[in-house]
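Annotated features, as they stand in Swiss-Prot:
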| type | residues | note |
| --- | --- | --- |
| BINDING | R30, Q31, A32, G33, R34, D79, Y154, S209, H332 | substrate binding site |
| SITE | D79 | site 'Transition state stabilizer' |
Amino acid sequence: MSTRRDLPQSPYLAAVAGRKPSRVPVWFMRQAGRSLPEYRALRRQHSMLAACFEPEVACEVTMQPIRRYHVDAAILFSDIVVPLRAAGVDLDIVADVGPVIAAPVRTVADVDAIKPIDSQSIAPVLDAVELLVAELGDTPLIGFAGAPFTLASYLVEGGPSRHHARTKAMMLAEPATWHALMTKLTDLTIEFLLGQIRAGVDAIQVFDSWAGMLSLADYRQYALPHSARVFATLAEHGVPMTHFGVGTAELLGAMSEAVKPGTAKVVGVDWRTALADAAARVQPGTALQGNLDPVVLLAGWPAVERAARAVVDDGRRAVDAGAAGYVFNLGHGVLPQTDPGVLTDLVSLVHSL
């Protein structure tokens with residue numbers, strides 16, 4: 001049973017559901033994290049993974065950008081590899097590298113060794129959600145997970161990869177092993193997101209960070225069916241669902257197909273694709289989210305203001321072209337060197353437009 005709140009005044013929830021919001025809603029991927037001095041102070045006492053499994057710490061980090069920026073949505077502080085850790089995978093998040101897997105998954109036996117997760121193994125994450133639901137007031141909470149393809153890539157490569165060569169080799173040369181791995185990861189992702197929904201998140205986002213490395217044909221064959229099963233299983237719970245990847249211009253239409261009609265669905269767009277162009281690629285009834293280049297935030301306020309105004313105008317053109325709604329965001333996560341004051345001013349600007 002969901003403990004989800006009724007938030008009829010939320011601009012974010014209105015936009016993603018295809019209703020007219022009271023203002024352009026804005027939040028930022030990685031709004032909670034390395035750009036905030038209060039986060040860096042807290043991290044001196046906790047590793048990244050430890051923070052994800054400490055409910056009070058995860059709650060505090062999630063709340064920090066809400067207090068500072070007054071964004072229209074909170075996103076749970078976590079990491080896409082958290083459910084892998086809960087499933088018994090030996091991994092760490094290494095500074096300036098990312099997730100590193102101690103024993104990469106290369107064989108059927110490796111796939112078989114991945115354990116399922118349950119509410120007990122992710123209890124600290126769900127406890128953090130419940131703390132946040134009690135503290136956020138009228139601000140909606142977005143839960144999230146990594147898409148099966150992106151999780152598989154980390155497991156097979158052993159960490160971040162430029163070419164994803166081992167991942168693609170398994171896909172193409174050992175499709176049975178590949179789909180067995182993807183089936184396990186799909187089950188894991190579903191359980192992780194269902195737990196968050198039952199604990200009270202108001203929306204979810206699935207990050208397919210590495211999907212842009214695939215051709216459209218390979219994406220449709222090796223990744224989309226598994227992501228679609230995640231969304232199909234969650235659809236009955238009625239939460240808005242966002243599908244996001246980087247470098248996915250040619251995949252946007254297929255990504256929008258993962259969420260079936262009748263559900264509030266959003267596709268995230270990176271800075272390489274105009275929002276109005278994205279509106280022509282996605283399925284009818286799809287809202288869009290994006291897509292300011294995060295690097296623009298390092299270029300000084302005149303450049304930020306100029307670019308942000310252009311993005312909001314593009315978002316409005318996208319709605320005129322058929323997008324169900326529009327949410328302002330970056331095209332990827334906030335960079336660590338970003339001045340928090342710029343983000344505060346950016347939120348105020350977007351709200352004024």
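Any Cβ shown, glycine's included, is placed from N, Cα and C.
Structure with Swiss-Prot features highlighted.
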residue	record	DSSP (3 states)
R30	substrate binding site	coil
D79	site 'Transition state stabilizer'	coil
Y154	substrate binding site	helix
H332	substrate binding site	coil
- Message: Comparing the binding-site residues R30, R34, H332, which residue's C-beta has the most other C-beta atoms within 10 angstroms in this structure?
- Response: H332
- Query: Looking only at Cβ atoms, how many others are within 10 Å of the one on D79 (site 'Transition state stabilizer')?
  - Reply: 18
- Task: Across all the protein chains here, work out how many other Cβ atoms are within 10 Å of the Cβ of A32 (substrate binding site).
- Result: 25
- Message: Tell me the Cα distance separating D79 (site 'Transition state stabilizer') from Y154 (substrate binding site), rounded to the nearest angstrom.
- Response: 13
- What is the biggest Cα to Cα gap, in Å, among R30, Q31, A32, G33, R34, D79, Y154, S209, H332, the residues listed as binding substrate? 23
- Message: Give me the CA-CA distance between D79 (site 'Transition state stabilizer') and R30 (substrate binding site), in Å, as a whole number.
- Response: 10
- Here the 10 Å Cβ neighbour count for Y154 (substrate binding site) comes out at 26
